[in-house]
There are 2 protein chains.
Amino acid sequence: MAKVNDNYLKLPGSYLFSTVAKKAAAYTEANPDKEVIKMSIGDVTKPLAPAVIEAMHKAVDEMGTAEGFHGYGPEQGYDFLRNKIVEKDYAARGIDVKADEIFVSDGAKSDCGNIGDIFSVDNKVAVCDPVYPVYVDTNAMAGRAGDFTDGKWNNLVYMPCKEENGFMPQLPEEKVDIIYLCFPNNPIGVAATREQLKPWVEYAKKNDAVILYDSAYEAFITDPDVPHSIYEIEGAKEVAIEFRSFSKTAGFTGTRCAYTVVPHELKVDGVELNGLWNRRQCTKFNGVPYVIQRAAEAVYTDEGYKQTREAVAYYLENAKIIRESLTEAGFTVYGGVNAPYIWAKTPNGMKSWDFFDKLLEETGVVTTPGSGFGPSGEGYVRFTAFSTKENTIKAMEKIKAIL
Amino acid sequence: MAKVNDNYLKLPGSYLFSTVAKKAAAYTEANPDKEVIKMSIGDVTKPLAPAVIEAMHKAVDEMGTAEGFHGYGPEQGYDFLRNKIVEKDYAARGIDVKADEIFVSDGAKSDCGNIGDIFSVDNKVAVCDPVYPVYVDTNAMAGRAGDFTDGKWNNLVYMPCKEENGFMPQLPEEKVDIIYLCFPNNPIGVAATREQLKPWVEYAKKNDAVILYDSAYEAFITDPDVPHSIYEIEGAKEVAIEFRSFSKTAGFTGTRCAYTVVPHELKVDGVELNGLWNRRQCTKFNGVPYVIQRAAEAVYTDEGYKQTREAVAYYLENAKIIRESLTEAGFTVYGGVNAPYIWAKTPNGMKSWDFFDKLLEETGVVTTPGSGFGPSGEGYVRFTAFSTKENTIKAMEKIKAIL
C-alpha cells in the first residue's frame with residue numbers, strides 16, 4: 001500500500017497569505033463600493049523595465065528562427081548570465097565568486113525550499129522568529145521540524161527578533177547545524193551590518209554549521225554599513241549559501257528568475273555542497289527559459305540597471321511615506337530604510353489579527369498580521385511598500401483618519 | 001555539525017548524457033574537420049511556432065505596461081491555461097478532468113522528480129528497465145532505492161522490457177506501492193495500447209498502489225489503439241498521476257512549460273494527493289512566467305495546434321527514415337511509430353558503449369547507449385528523431401556505408 005509523506009499532515013491548515021487574501025475578498029464582497037488597498041503580499045506593481053522588455057522581444061524573435069532557436073540550456077544557467085552575475089553582483093564589490101558557483105533558477109522560494117534536498121533529515125535547524133514561512137514549512141515537510149504544538153515546531157530552534165534585541169536574532173545557545181538568515185529582513189524590514197553578521201560566520205565555523213543566507217532584498221540597501229552579500233564577511237564562503245532574486249530587484253515576480261551561490265569552499269564533512277546542489281539541479285530541474293535569462297541579463301546593462309534602480313527608489317520612497325505617516329499617527333515602526341517592509345507595532349497591545357481586521361474593516365487597507373510569521377510577530381502588522389505612490393499616500397491618510 | 005543527505009553520495013558518478021556529450025566533444029576536438037550529427041539527447045531543433053512567438057510578443061508587451069503587468073501568478077498556473085488544457089487535452093477526448101486537478105509547471109522532469117516529496121520514504125518503487133534515469137535517481141536521492149550494487153539499486157523493483165516480452169513491462173510479482181510508467185516510452189519508443197494498460201490500473205487498485213504516468217510524448221501517437229492519457233482507462237483517476245509537457249509537443253525544451261494532473265479521486269490511505277501536491281507547489285514553487293503560460297496557451301489555438309503538429313509530423317517522418325534505413329542496413333529496430341525514439345539492436349551482440357563508440361568514430365553520429373538506461377538496455381542504442389531531415393538522411397547514409 002502506498003504511503004504519503006506524513007509530515008505534510010502535520011502542517012497547520014492554511015497558508016498565511018491565502019487567509020489574508022480570503023479575508024480581503026470577503027471584505028470586497030461585503031463592501032463592493034469601497035476601495036481596497038493591498039499592502040500585504042510582497043508583490044511589485046511597476047511594469048518591467050524597457051531594457052528588459054527589449055531584450056525579451058529580441059530573444060522571442062530568436063526562438064522563432066532555426067538559427068536563433070534554443071532548446072535545452074544548461075541546468076545551471078547560461079554562461080552569459082552567470083558571468084554577468086559574477087562581474088556585476090560580486091566582482092564589482094570585491095567579492096571573488098566563480099561562475100560555476102552560480103546556479104540560475106526560477107525563484108528564491110524554489111531554491112530556499114529545494115536546498116533541503118541535499119541535507120540529511122537529521123540536522124538541527126534554527127530560524128528567526130518572526131520568519132518567512134517557506135523556511136519553516138519546507139523543513140516541516142522534510143521531517144526536520146518535529147511536531148507542531150502551541151504554535152511552534154518542537155524540533156526547530158526559534159531565534160526571537162523583538163523590540164528588546166533590536167529585532168536582531170541572538171546566537172543560539174544550543175548547537176545547531178543549519179541557520180536561516182534573511183537580511184534585509186522579511187518580514188521585519190531591518191538589515192544586519194557587517195559587524196552584526198560576523199559572529200554568525202564565526203559561530204558557523206566553530207560549530208560546522210551552514211548558513212542559508214537569503215539576500216533577496218539586497219537592492220533596497222541604502223546604508224553603507226550593510227553588506228549586500230554575506231560573502232563580504234571574511235570566511236563566509238566556507239560556511240554560507242546565498243540566495244538572490246530578480247523578483248524585487250527588477251520586478252520579476254511574474255517573470256521568474258533568481259540564483260543561488262554555492263561556493264566550492266563550502267564543505268560539509270568533507271563533501272562539497274556545490275557538487276550536491278549541481279546534482280540536484282541536473283536531476284530535478286531543466287533550467288530557466290532562454291527568453292527569461294536574456295531578460296535577466298538585460299538588468300545588468302547600463303540602461304537596465306538605471307531603470308530597475310529607479311523602480312527600487314520608487315518603492316523606497318513609498319516605504320519612507322509609510323514610516324513617516326505611521327510615526328506621525330503615533331505608531332512605533334521599524335524597518336523600511338534598507339527594505340520594502342515596515343513592521344508596525346499595533347496600538348494598545350492589540351493582537352495582530354484583531355488589528356489586521358480593524359484596518360481592513362475601517363480603511364480597506366490590507367496588511368499582514370505579524371503573528372502569521374511566528375509567535376514573536378504577535379502585536380505587529382507588516383506593511384509593504386510595493387503599492388503605487390498614490391495608493392500608499394491614500395492608505396496612510398485613511399489610517400490617520402481612524403486614529 | 002551539519003550533515004549532508006548521504007543518499008547523494010551513493011549515486012554513481014556521472015550522468016548518462018554528460019558522458020555522451022563529453023565523448024562527442026572529444027571526438028570533435030580530435031577530428032575538427034569531421035561533421036558530428038547528434039541523435040542522442042531528446043532535444044527538438046525546429047523553432048517555436050509562429051502562433052507561439054506572436055503570443056509571447058504580446059505578453060511581453062503587456063509586461064511593459066502598468067495595466068498589463070503581471071506579478072506573482074497562481075502557483076498552480078493561470079486559469080486561462082488550465083481551462084484550455086482541460087478542454088483540449090481531456091474533454092475533447094471524453095475525459096473528465098477538472099481545472100483544479102491541473103498543476104502547470106516548468107517541466108515534466110521537475111514534476112517527476114519533485115512528486116517524490118509527497119510520498120513517504122517507505123514505499124516500494126517499481127521502474128521499467130531500461131528507464132528514463134530521472135525516476136531512478138530522484139528515488140535514490142530520497143532514500144527509496146537502497147544501495148547501488150552491480151548496476152542496480154537493491155531496493156527498487158526493476159521490470160525488464162526486452163525483445164522477448166515485446167518491450168512491455170510485466171506486472172511485478174512482489175507487491176509494490178509506486179509504479180513509474182512512460183508511454184509512449186522513453187527510451188524504447190514503444191507505446192502501450194488501452195488493453196495493455198488496463199491490468200496496471202487493476203493492479204494499482206488491488207494493491208493500493210499509485211501509478212506515476214509520464215505521457216510527455218503523447219503528441220507522437222499515431223495508432224488509434226494507443227491512449228493519449230491513462231485516464232482513458234476506467235478507474236485510472238483513482239490510482240494515477242499523469243505528467244504532460246509542452247517540450248516535445250510544441251518544441252518547448254528551452255521555453256519550459258509542462259503540467260501534472262492529480263485527480264481528486266486519487267487517495268492514499270484516505271488522503272487526497274491533490275491537496276498534498278498543491279501544498280508542495282504553493283510552498284516550494286512560484287508558478288511559471290506569465291509570458292510562458294501565454295506561449296503555452298497559444299499551442300491550443302487553431303493556428304498554434306496546426307503549426308506544432310506539423311513539427312511533430314516532421315519528427316515522425318525522421319523516425320520513419322531512421323527505422324526504414326536501419327532495417328534496410330540489416331538492423332533490428334523497435335519504436336519510432338508512436339514516439340520520436342528508435343531502439344536499435346547492436347550488430348553481432350556488441351555492447352552498447354562499444355557500438356556507440358564505433359558509430360561515433362566511423363560516422364560522427366552520436367547515439368545514446370542503451371545500457372545507460374538500465375541493465376536490460378545492454379545490446380541496444382537509442383536514436384532520436386529530432387535532427388533536421390537532411391542530417392537524419394545523411395546520418396543514415398553514413399551508417400549504411402560502414403556496414
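Any Cβ shown, glycine's included, is placed from N, Cα and C.
Bear in mind that TrEMBL entries carry predicted annotations, made automatically and left uncurated.
TrEMBL names B:Tyr72, B:Ala108, B:Lys109, B:Asn186, B:Tyr217, B:Ser245, B:Phe246, B:Ser247, B:Arg256, B:Asn286 as pyridoxal 5'-phosphate ligands; from the candidate set B:Tyr132, B:Tyr135, B:Tyr305, the record adds B:Tyr132 to that same site.
Here B:Tyr132 (substrate binding site) is positioned 15 angstrom away from B:Ser245 (pyridoxal 5'-phosphate binding site), judged by their C-alpha atoms.
Sequence-distant neighbours of B:Asn286 (substrate binding site) (same chain, six or more apart, CB under 8 Å from its CB) are B:Tyr72, B:Glu75, listed in sequence order. Listed recorded positions B:Tyr72, B:Tyr132, B:Ser245, B:Lys248, B:Arg382 compared with chain A at a CB cut-off under 8 A give B:Tyr72 as the close ones.
Note on proximity: of the binding-site residues B:Tyr15, B:Lys109, B:Tyr132, B:Asn186, the one nearest B:Ser247 (pyridoxal 5'-phosphate binding site) is B:Lys109, by Cα distance. Secondary structure at B:Ser245 (pyridoxal 5'-phosphate binding site), taken from DSSP and collapsed to helix, strand or coil, is strand. Non-local contacts of B:Gly42 (substrate binding site) by the CB criterion (under 8 A, 6+ apart in sequence, same chain) comprise B:Asn186, B:Lys248, B:Pro340, B:Tyr341, B:Thr384, B:Phe386.
Applying an 8 A CB threshold to same-chain residues 6+ apart, the list for B:Tyr15 (substrate binding site) reads B:Pro133. Summarising the substrate site geometry, the residues cited as binding it (B:Tyr15, B:Gly42, B:Lys109, B:Tyr132, B:Asn186, B:Asn286, B:Arg382) extend over a maximum Cα to Cα distance of 36 Å.
Farthest C-alpha pair in the pyridoxal 5'-phosphate-binding residues B:Tyr72, B:Ala108, B:Lys109, B:Tyr132, B:Asn186, B:Tyr217, B:Ser245, B:Phe246, B:Ser247, B:Arg256, B:Asn286: 34 Å apart. The local packing around B:Asn186 (substrate binding site), expressed as other Cβ atoms within 10 Å of its Cβ over all shown chains, amounts to 24.
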